[in-house]
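Pulled from Swiss-Prot, these are the features on record:
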{"type": "ACT_SITE", "residues": "His461", "note": "active site, proton acceptor"}
{"type": "BINDING", "residues": "36-52", "note": "FAD binding site"}
{"type": "DISULFID", "residues": "Cys53-Cys58", "note": "disulfide bond"}
Amino acid sequence: MMSKIFDLVVIGAGSGGLEAAWNAATLYKKRVAVIDVQMVHGPPFFSALGGTCVNVGCVPKKLMVTGAQYMEHLRESAGFGWEFDRTTLRAEWKKLIAVKDEAVLNINKSYEEMFRDTEGLEFFLGWGSLESKNVVNVRESADPASAVKERLETENILLASGSWPHMPNIPGIEHCISSNEAFYLPEPPRRVLTVGGGFISVEFAGIFNAYKPKDGQVTLCYRGEMILRGFDHTLREELTKQLTANGIQILTKENPAKVELNADGSKSVTFESGKKMDFDLVMMAIGRSPRTKDLQLQNAGVMIKNGGVQVDEYSRTNVSNIYAIGDVTNRVMLTPVAINEAAALVDTVFGTNPRKTDHTRVASAVFSIPPIGTCGLIEEVASKRYEVVAVYLSSFTPLMHNISGSKYKTFVAKIITNHSDGTVLGVHLLGDNAPEIIQGVGICLKLNAKISDFYNTIGVHPTSAEELCSMRTPSYYYVKGEKMEKPSEASL
């Protein structure tokens, strides 16, 4: 088979892989090949042009969460004078899925056009795997023994194959779905269990809760003590209260031991505690794993660390001409991070000024109902890195919810600082529009803003965000790792 020659071969057409390919082809006039298994979203492989984010991640999920929020908006509108016949209201799940599918397909098509219209950029449909450090095979399937469709020779290889939902090895796992399949359910489940305490489980619990039938019940189980491990503890506690107030059943310290299929098609879940419950749908959302299995990395000697491709701060692997970005590296599994890593890598490889991605102070969100916005360190981490940490905390009922009837919807804002110089180390928000607010806050943290910069800024009134400009007095401190309400002057 005759080989095709490229300057760069990218395995994976996700956000990071496409950014790298586009930049290399347009900014540096390189000949670039991109390999992926599917061009448009949906089964059997789910991920297609645009990767997880576009097809079975951020984009469709945000659309579905937006749809789910209308349930509460309609209920709350009565407090503002709106009257309507509630008996005629019904949620059309099929329409939600249809418009979601159309939106995702439009993005898929835009990437198809990019390949068609960009000189030097070529797409190959199939499974990419390494034959050597300079040769990538495009195969018919994931099976390393499957037929080779194309043989690509290249000076540089970029691994951008992303991640995949992790499914636990328990009896009956074949009766469960992952988040991939959840985007294509023909109808909303009546009794659903989302397994896991991370953002995917929490977000889908909110979606299912809004669209469930009237006699439906959403249950979330998590093996730990509180959902959203690694996030600010105050936000975790308050979100748990609000999810419960919205009717979601949260079971902590519970983990499925086995799943059995009942005669009526429902699933019987036996938990490790011995508890047994029946559900119509069980969705596993216990994390994602770097997608390295089918890459045949051993053929080029590429090393793995903690399940992901091992890279340095410039996204270089241990093999001089092979690089990796995004989820497959198991660093920060966020789309904007992968895009930034891609742009930096292409400049490093083909440009004259090597640069790297700063993985600190990355703003992110959980699109739960209500949502979370977060950037920087949580107090438990900050207190171990800095001698004295000051924590500013505020919680309140937003103006609209004094009228909407949802007074339980507390907005929480927390600012964490290095007390010695006032530098803001972290900001954590829970409540309406928190993800939108945190983006601007992220810029502040990148500029090393101090708490005085926050409270010397005039806020926009009336908004929840203005609370960030009003917090002048610490609520409590950490001194050498110990939490204190009012430490002595000497200790500060």
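Each Cβ is built from the backbone N, Cα and C atoms, and glycine gets one as well.
In this structure, the binding-site residues under consideration are Gly42, Gly51, and the one with the smallest number of other Cβ atoms within 10 Å of its Cβ is Gly42. Neighbours of Met39 (FAD binding site), defined as other CB atoms within 10 A of its CB across all chains, total 16. The CA atom of Gly42 (FAD binding site) is located 15 Å away from the CA atom of Cys58 (disulfide bond). The Cβ neighbour count for Ala48 (FAD binding site), using a 10 Å radius over every protein chain in view, is 24. Other Cβ atoms within 10 Å of the Cβ of Asp36 (FAD binding site) number 29 in total over all chains.
Between the disulfide-bonded residues Cys53, Cys58, the minimum number of other C-beta atoms within 10 Å of a residue's C-beta occurs at Cys58. Around the Cβ of Phe45 (FAD binding site), the same chain contributes Val37, Gln38, each under 8 angstroms and 6 or more positions distant in sequence.
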